[in-house]
Amino acid sequence: MGSAGSKKRSERQQGLREKLLRVPERPYGRLSGERREQSSRSPGESDKDLNSPSCEGQNARGAEGGGQQDADESDEDDEVGAICKTPIVPLRPMTYKLAVDMSHFIKEQGGLEGMYYSERRHRILDTYFENEEGIVSGWQNYTHGPGIRYPKYFGWLWKLVPVEVPAATREEEETHCLMHPAQISSWDDIHGETLIWQFDSLLAYDYVAFNRFPEEFGYQSGLPEEEWKARLKARGIPTD
């Protein structure tokens, strides 16, 4: 029974991965393996030291013709809603254990590592977790930035890491890949940074978001209201 359940879950996870990668219309959307390996070898370095992303699959069929425009127009209905129409399990809140387990499961299935972050993919993840796992959305939040964005939910082991895309690379990718996710990612970010997901197992033990940026948790930070609001203001973050 357990084996069959794991197989079905793996199949659903593969469906999520395909949605995130927008297969087959655009067969790209993550940092290439070589550059992802180079980035992972320098976890302590600043975001400016990370290597720039390359355009995967730029010569594949999704980069030719007008398939991309059609995919964009049906984005909301086809990518977000089509994962599952209604929840298949009872709804429940996210917990630390669930977050850790799901983080590792996604990593084992090759889901998010090196993939460009965007609001659209954020929504796809929310929809998947709610409909397939019954986890109520609203837990997937990250620190404000700029720089590395740490998950604000303790137990979620995927952080967002900025990568640099040189102007020459942007022009080349726009020519060969139409609208590459690297461009979309920077549009979605208030600081204009291009972000990728990166797995960090140490986040299961170190609540980095809270320890470094307690002001972002507002009244839950334990700080006096005047202090956490002053910290947010100094960083240019709205306090309303």
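Positions of Cβ are set from backbone N, Cα and C atoms, glycine also.
Looking at 123-139, 157-173, 174-190, the range tied to region 'Mediates dimerization' in Swiss-Prot is 123-139. Residues 87-90 are the range that Swiss-Prot records as motif 'PxxP', among 87-90, 147-150, 199-202, 231-234.
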